[in-house]
Every structure is written in structure tokens, then in C-alpha cells.
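If you check Swiss-Prot, you get these features:
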- 35-50: compositional bias 'Polar residues' (COMPBIAS)
- 90-102: compositional bias 'Basic and acidic residues' (COMPBIAS)
- 161-174: compositional bias 'Basic and acidic residues' (COMPBIAS)
- 177-188: compositional bias 'Low complexity' (COMPBIAS)
- 28-114: region 'Disordered' (REGION)
- 142-188: region 'Disordered' (REGION)
- 263-312: zinc finger (ZN_FING)
- 406-459: zinc finger (ZN_FING)
Amino acid sequence: MDAKPWNHTSEAFQASILEDLKIIQKAGAERNAKSSHGSINSRSASPNKATSRRNRAQNGNSNGRASVDNSDDGSKDDLDYSPSVKRKHVNGEGAEKGDHDTSNNGPSITKLRRKVRRTYDTKDGFVAWNTLDDDFRPIVPDQERSRKINPQKGNNNNLLKENKSLKTTAKDLSDISSSSMKKANNSSKPLFSGKLTFKANIPVPTSEVVTENNVTRNVTVYSNQKHLGNESENFNDMEGRAEDISSNELLPTPEEYPYRYNNDYCSACHGPGNFLCCETCPNSFHFTCIDPPIEEKNLPDDAWYCNECKHHSLYNELDEQEELESNVKEEGTMVDVWMQLCTYIDSHNPIQFHLPHSISSFFRGVGSGVMGEYIETDVLKHLKSSRRSNGEERDPLLLKSKSGTPILCFRCHKSALVSQSILACDYCNSYWHPDCLNPPLATLPSNLRKWKCPNHSDHVTPRYRLPEKAKVIRVGLPRGFKNKGNIVIDENEDEPSVQTIQLQGKIRVVPSKPFKLNFLEQIRDNVINLRKMVEQDEQLCIETFSKFDFYATRDCELPLRILCDVANDNLENDDYVLALRDLLRISKWDPNQPVPAPFDLANLLSY
């Protein structure tokens, strides 16, 4: 039995200890009297020394037992209340069998303690002190188990006084949850009086009693009820009520956490600026992107909700929406169409029109900007920012290149010292003065876009759009393909090939040999046409080609511009002069030699 301080014990326990002390003192007095009486008998009866030790022990035990039963109670003043003399209750049946008493010694204290333990366990109507509560009432084994698990502080324990079980019923849990919900609803008022289904609500746990295999346990069920109280107080209440649930089940999932911030971009146009934020979802809108628009000076004083949240508040359940649509379909087809359109407008937030990604990114080098405008991505310039240039790579006052050669204008062959500015082409190595261009540039072009000089003919020739993800087809029979201008030469392959791009979004890879044959075929056709021209009007050809005698004395190639001027002098012979121009370009004409006569030129190029 556990030791317990004397001032912390009950009065009944102290009375039992005092009674034990009284009995022990009486037993000690009887022992002293017995020892003195035995010495007198031994002196008077000397011939009886042969008495056995066993009979002597039995006589001593019987005399001691009789002395204990026939003794009178002593006064309380003779008792000693010190803790050193506290002893257990002594049974009056005497010593056990086999025990013996030595001379001048009574029953030992250890034997008395053993007898006390046996008598406390077997004596009827006696209750041990550790089986009583603080109010001296018997404890049920279930209560004792619950007392060890959940010890209560203080002496006022109503559950132990009434001997009730600690198992909470479903009715008690429902009363607790209803009272806490009333307290939370009275503490704060909702901002919106409609039927909004708040996404930011924290699920309120409700406990239910489930019985499995005669074992009752509490289970927490999360519901979608609106919770308007303080979050920290609500979570503390839930942890206090749900005792049999682990801490992981009390915490909400990441999907159930409330929205802390709204979007930092407009949900309609995806642009930055000042927004009007919804109270139940993370959507944000410009004041002009809302339907209907709102002026910045006339903002709503109350909470504002977007169209989707308002629609969900009116039609919270899907059955109501389906029933409404079924009623509309019965009225007529036209009404059904308009009703669906109006319902779609009211239930969705406005979105700015923009081309689908499949259309805006179909062609190579074409894209859309932040606001949906058309831009050419291949013209944009990717700048490498640095501390010295601050993102500007174009220097209009360059005098020398990286290799040390002087930078001169392509047209006037002068440096930047003359006009104080010069432009570098982003597609070739030529430089131009802004005043030498036709028309002249008043300001320098932007650093974010590439600039192309007039030496390139892209601004004159028709521009073809190349598909970004075109289907590549290997042509099995390359015959029949002709040069139509939309050709890309692939120089990376081992065998030279030509890719022809058509508008159907397909790339046909053709060897270069058919195009060479087509080019030679065009030359033969031009030679035949030249012979026919000479046969029909020989004098006209002589007058036309006589104008080339001026260039025969000069050490320079025949410029194409002058050939075009010659063709413009006689509009009737444009076709023949252009054919002659093509022949002059492909012929092995030496600039040091005079221009051949038309007949010699025809014979030279004939096969």
C-alpha cells in the first residue's frame, strides 16, 4: 500500500490506525506478562524440563490468544500517536501453524503485518482506501480506468459523485455543437444576406456516436455550414470537444483554406491597374471591364460580388437550375435559345475577346501582344542589357568597327562626322545615313525592333507566311515542280534539296535537280523567242541593241536600271528586252569585251 502523509489522510483512516495501535499496545503488555509468568512456572516446576518445544509454543500461543480476547480497553491517554508506532490490525485467531515462540519474546512485527494483509483481503465488509474516491464513495472499475486516463483537477468531480460514465452520447454532442454555433452567430453578423456558398468557409465538425463490435467511439463529420466566428476560438472549441480524434483529422485540407488574397491582374483582360475585388472569390476586375461598368468615384459601399458568385447564390443547387431549364424548353425553341444566352451572360464574368492560341500562333513570326494586338515576333530585337549600354546596342556615332575598319555610308561613302549619325543594318554589314535614305528618316528607329536597309527587296516582293508547325512531305516524283518564288534552300543536308512551302500548311521537300532543269528550260525558251524576234523585225532589234555600244567602252557591268530604261523607250518591245536581260545575266559576258551583236548573241546562247 502506498505511503501517504498523516495530515492528508481521512478521519476514518486515522481512526483505523489508532485502533490498530491500541491493539498492538495491548499485545505488548500481554507479552510482558506472559514472559514473567513463564519464568515463575519454570522455577516452581523444575522436574518438567522434558516438555517439548512444540507443546511449549502451543501453550504460549493459546495463553496469548486468551489474553488478547479477555483484555480490557485501556485509556486513550496511554496511546502513542507518533508515526513510528503505527501498525496494522491484528487478527484475534492467534499465530499460524508452525510458528514458535522463543523465551522472553512475543509475536514479531513482521508476522503481525502478514496477518494484517490476509485479514484485510478476506474480511467481509471492509473496503480498501484506494478503492474510494475523495468523498469516500466506491469507485467503479470503468471510472477508475477513466480517472487514470483523464485525471480531473480539484475535489468537486460531479461525474465521480454521480457514478456516471465518461462516454458522451450523440444528444450531448449535438447540444454542445448547437450551443457553440449560436454563440458564434451572435458574435458576428454576415455581410451578405443571400444564399452565397462561401468557398472560404471552414468546415464545422459534428460528432456522431458509432458502435462497432460493442465498442462505442466518437467520429467527427465535416459539414459545409457557414462558420462566421473567430477562427482561432473555433479551432480551440473543436479540439476541446473532439477528444477521441487525432489532431490530423481536425485540421482542414489545403483546398478548404480560405482565400487570403485576390488576383493582381484583371480577370477579364489580364491587364494591370486598379481593380474591384470580389468578396468570395479571388477574381478582380477593372472598373470599365465590369458589366455594367462602374465609375471609380461611385464605388459600392457594401460588399461587391461578381456575376458567378451571384448566380451561385441564387441557384445553389443544380436541381433548381435543371428544373428551370426544363420549364423553358417546354415553352418554345426560340425562347429556349434566348433564355440560355441570357442565363450564360448572367452566370459568367465578362472576358475580353482574343483570338484562340491555335490561330494566333499558326504562322511563324506572328503573335499577339498583352492587349491582344498584332505583333511580328521575328522583327523584335532581343537586347542584352549591361551597365554601360543600359539596354541600348545601337550607337549612331560609331566611326570604327570592332575589327578597326572605318564605318562609311553605303551611298555617300562618308563617315558619321558629316551628319553626326549613322545606322547599321540588322540583316547585313552596311551602314546608312538617315538623310541618304529614300525617304529620309526624321528620327532613328526603335532599339526594340530590327531595321532593314534598302539593299533588301523584302519591302517590294510579296511576303509569304510560313506555318509554324507545317507537315513535312517527302516527294517521291519530283518532276513537274516549277520555280514560283516561294522556295527555301536547305543547305544543312548532305544532298542539296529545296523546300517549297504552299498555303495548305504543308512543306514539300524536293531535290534541287528538278529546279535546275526548270531553269535551263526557261533559258531555251528565251533563246527561241529571241530568234523569232530577229526573224520578224531585224531592223528593230538593231536599233534597240545599238544603245548598248555606249557601255562597251566602259569597264563595268551592264546595270539593270539602264536596261529597264531602254525597255521603257519602246513599250512594244518590253518582252523582248526583258528576255535579252535574262540572257545577259546568265551568259559568260566579259565586261572588257564589247557587247555582242544580237545575231552573235543568239548564236552564242543557242544549243
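Backbone N, Cα and C define each Cβ position, glycine as well.
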Summary of DSSP states over the zinc finger (263-312), given as helix, strand and coil counts: 6 helix, 4 strand, 40 coil
Integer average pLDDT (0 to 100) for the zinc finger (406-459): 84
For the zinc finger (406-459), residues assigned helix / strand / coil by DSSP: 7 helix, 6 strand, 41 coil
